[in-house]
Amino acid sequence: MASLRLSISLNANKSNFSKNPLQFPTHVSLFSISSCIPSSKPCIITILSRFNPVKVSRVETELSESEPVLSTSRDLVQESLNQDLIERNQDLKRKIRKNYRGAKKGRKSQVGFKFNYKRHGSQQREDFFVHDTDLDVDYSVINSNLSLEQCNYILKQLEGCSSESKTLRFFEWMKSNGKLEKNVNAYNVILRVLARREDWDCAERMIRELSDSFGSALDFRIFNTLIYICSKRGHMKLGGKWFLMMLELGVQPNVATFGMLMGLYQKGWNVEEAEFVFSQMRSFRIICQSAYSAMITIYTRLRLYDKAEEVIGIMRKDNVALNLENWLVLLNAYCQQGKLEEAEELLIAMQESGFSPNIVAYNTLITGYGKLSKMDAAQHLFLEIKNVGLGPDETTYRSMIEGWGRTGNYKEAKWYYSELKRLGFSPNSSNLYTLINLQAKHDDEEGAVRTIQDMLKMGCQYSSILGTLLKSYERAGKIDKVPLLLKGSFYQHVLVNQTSCSILVMAYVKHCLVHDALEVLQDKEWNDPAFEDNLYHLLICSCKELGHLENAVKIYSQMPKSNGKPNLHILCTMIDVYSSLGLFTEGEKLYLQLKSSGIALDMIAFSIVVRMYVKAGLLKDACTVLETIEKQKDIIPDIYLFRDMLRIYQRCGMMSKLNDLYYKILRSGVVWDQELYSCIINCCARALPVYEISRLFNEMLRCGFSPNTITFNVMLDVYGKAKNFRKVKELFWMARKRGLVDVISYNTVIAAYGHNRDFKNMASAIQKMQFDGFSVSLEAYNCMLDAYGKEGQMESFRYVLQRMKQSKCTSDQHTYNIMINIYGKQGWIDEVAGVLTELKECGPGPDLCSYNTLIKAYGIAGMIEDAINLVKEMRQNGIEPDKITYTTLITALQKNDKYLEAVKWSLWMKQLVL
C-alpha cells in the first residue's frame, strides 16, 4: 500500500524546475492522495492493479482557430477520491458482472458467494453475497456483529457491482444497526450514489445530518464527492452550491476542490463564479496549479487580457512552480494578445526550466503568428520544429494553412494542404473553408471541385457545403462560377432537396442570375406546391427589395400556372411591382383576376391596390376601392391605410368623407404617431372646425412630437383664415425659433393679412421676409395685388406691378386673373383688353377662371355680346364652361336688362344639370 501511494505521489510531482523565469521556488506541497484513501483497503489495491496507467494531467494538443484556448487538466485524478476510479471504470464493472453471470442457465442462485477479502494479508473468506441477476447481500448470513470495515467493504462492492437501490438498502441496514456512527467512508460512498441519481435534496439533508453528528470531523472528502459528479456532468450551479455549503459549515477545501470547481467553470466560461472560487483559494493559501491555468484561460477566451495579465502577476506573487500546463496556458495567453515576442521569450524560458521542446507550444506560436499574418516568423518556427527533434503534427499543418490563407497566399496554403493529406492527416472545417475562399478568389474551379470532394469524404452535409460555397464565391464577387461547380451527386442533391434548392436559387436571384435560377426550378425533382408557391413569392420579393423589378416580372411569367385559385400574396406583390414600373394596366388585370377568383382580399391587398390607383392618378378608382373596404366590416385599416385614405379624400376635395374618417380614426384605437398627427392636420384643415384642428395641434406638441414645416404652414393658414392673428404671430415665432420657416410660411402670413386688409402688418411681413434672406415671391406679389385691388387702392396696386417688373418677376396665370378681375371691377375695359392680349401672347393663355373673370368684367362694362362670345370661344378652345360661367353670364344679362336672354341661358344651364 505504501508503495502504491508513493508511486502516485512521485508521478504527480515529477518536474524539474531548476530554472524558473518567474523565479518560483522549485518545490510546492501537493495534496497527498493517501489522505483520502482509508489505510486498510488492500482489496482496492488488488483491483487497481488491473487498470492501465492513468494520466495525472492531460493537456489537449489540438489548437485551431475555432478553439484557440488551451484546455487545462480537468480530471484531477490525483486530487480526487481514489474510490471513484472503481466507479468510473465501466470495463471493470462489466468484467465483474460477467463473472457473476457466467453460470449456466437454470442454475439456482448461489447463496454465500465468496469474495476474497484479505485483512493485512491474513483475512479469511467470508460469505456475504448472493448472486441472482445482480450482486446482492445475503441478509440471512449477516448480523449486527459485522465490523465497520466489513460493512464498508460490502457497501463499496455493492456500489461498484450492483444497482443503486441495493446499495441504498444496505446503507439503511447499516443505519438501523448502528454502523454509521463516525463512519465518514460509508457516507462518502452513499453520497456518490445519490449524486449519480442526482437526488440533490437527499444529499443536502444527509450533509446537514453529518454536520450535526460529526461536527468538526466533517472534512472535504464528503463535498469533493458531490463536486466531482457536478464537474463531470457540467452542473455549475450545483457545484457552486456545494462549495458555498462547504464554507458555511466551516469545512476547509483542498487542492482537489478548487481544481474541480475551476475546471467546471472553465467548461462553462463562467467568469464571475470562477473569480469567487479563485479568491477563496488564495484566502486559504492553497496553491492549485490547474486553478491558475483555468483562470487565465477563461480571461483569455473572453478577451479580458488585462485580467489575464493580473493572474500571471499573482502566480509570480504566490511563488507558483509552473508545470507544463501552466507554461502552455501562459504561451496561449500571450499569443492571443498578439504579444509574440513575449511568447517566444517564454518558450525559451520554458526550455531553460527543464522542459523538453513541446509541439503544443510551437503550434501555439505558429497560430499566433498566423493570426497576425506574420507568416515569415511562422515559417521559421515550422522549420525549427524539426531542428529541435520534433515533427509537425496535424495541428501544425492546419495552423499553417490558416495563416497562409489569411495572407491570401493560395500557393503556400495549397502546398501545406497537400502535405497534410499526404501525411495521412485530416483537415478541419476551417481549413476547407479557407481553401474554398482562396480558390474562389483565384478562379481555381478544378481545385474547388477537389475540395468539395474532400468535404464529402469528411462527412460534411451537402447543405453545409452549399452554404460555404455560396458564401465564398459571393464574397469574391464570382457567384456566376457556382453553376460550374455543381456536378454529379451534388447537383442531384440540390434537385431533390427543397432547402438546398431554395438556398441556391435565392443566391442566384440575388445576383441577377435569373436564368440559372429558373433552370434549377425547372429541373427540380421535389413536388410540394405550397412550398413552391412560397419560394416563388420569396424570389419575387427579393427582386422587388433589390430594385430588380424586371427580374421579378421574368420569374412571375415563368411560374407554373396553378389550376386552383391564384396565390393572393404573389399577385399582390406583382401588383406592387407593376405599379413601380408604371404598368398600371397589368397591375389592374391582376386585381380584376383576384376579384373574379372569389378570394377574399385582406387589408394589405386593398392597400396595395389603392396605392396603385393613386400612383396612376386614378383617384376615382381609388375611392371605389375604399368604398369596398368600408362595406367589409371585418377589415380594419391600419395606420398606413388610414393615411392613404386621408390623402385621397383631401385631393378629391371630399370634405364630408374626411370628417367621417377623422372620427372613425378616433374610435379605431390606433396608436397615433407623429406622421398621423401631421397627416390629419394637413388633410383635414378645411374639413374640421378650427377648434378641433387647434386641439389636435396642441395635443401633438404635448405628446412630444415635432411638427414639420408643412404642418406649421397649414396651421398658419387655418388661424389666418379664422382671423386669429394672435395665434398666427405665436405660431410663426415658434416655427421661426425651430428653424422651420420657409417662403410658403411668409406667403401664408402675407395672404392672411392681405385678406383681412391689414396692410400695415402685410408690409411688415414683407420686410421681415426680405430681412431673413428671402426674395419677395410671386405668390406674395399676387397677395398684395389682390388685397390692394379689392380695397380700391389702385396707386398701391400699380406700385406693386412696377416692383414686379423691376425684380423681373414673371406673371403667372393667377396674376393675370387678378389684374382682369380688378380692372373689370373698376370698369377699365381697355386695361382688361390689354391684359387679355398679353395673356394670349406672352402668358399661358386664358383658363376657366380667366374666362369667368372676363365675362364678369364685360358684364360690368355692359358688353353683353362680347360676354356671350367668350362662352363660344371657351368651347372652341376646349374649355368647358362650369356653373360659375353660366351664373356670371346670367347675372350680367339681368343687370343689363336682358331678361329674355337670361331666361334662355338659365334653362340651358338646367338642361346641362351642372
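Each Cβ is built from the backbone N, Cα and C atoms, and glycine gets one as well.
Curation does not apply to TrEMBL; its annotations are automatic.
Lifted from TrEMBL, the feature list:
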| type | residues | note |
| --- | --- | --- |
| REPEAT | 219-253 | repeat 'PPR' |
| REPEAT | 323-357 | repeat 'PPR' |
| REPEAT | 358-392 | repeat 'PPR' |
| REPEAT | 393-427 | repeat 'PPR' |
| REPEAT | 532-566 | repeat 'PPR' |
| REPEAT | 673-707 | repeat 'PPR' |
| REPEAT | 708-742 | repeat 'PPR' |
| REPEAT | 777-811 | repeat 'PPR' |
| REPEAT | 812-846 | repeat 'PPR' |
| REPEAT | 847-881 | repeat 'PPR' |
Mean per-residue pLDDT computed across the repeat 'PPR' (777-811): 89
Long-range neighbours of the repeat 'PPR' (708-742), counting only residues six or more past its ends (CB under 8 A): 677-678, 681-682, 685, 690, 693-694, 697, 748-749, 751-753, 755-756, 758, 761, 772
Spatial neighbours of the repeat 'PPR' (532-566) far in sequence, C-beta under 8 Å, 6+ residues away: 501-502, 505-506, 509-510, 512, 514, 517-518, 521, 573-574, 576-578, 580-581, 593-594, 597-599
DSSP helix/strand/coil residue counts for the repeat 'PPR' (673-707): 24 helix, 0 strand, 11 coil
Helix, strand and coil totals (DSSP H, G, I; E, B; other) for the repeat 'PPR' (708-742): 26 helix, 0 strand, 9 coil
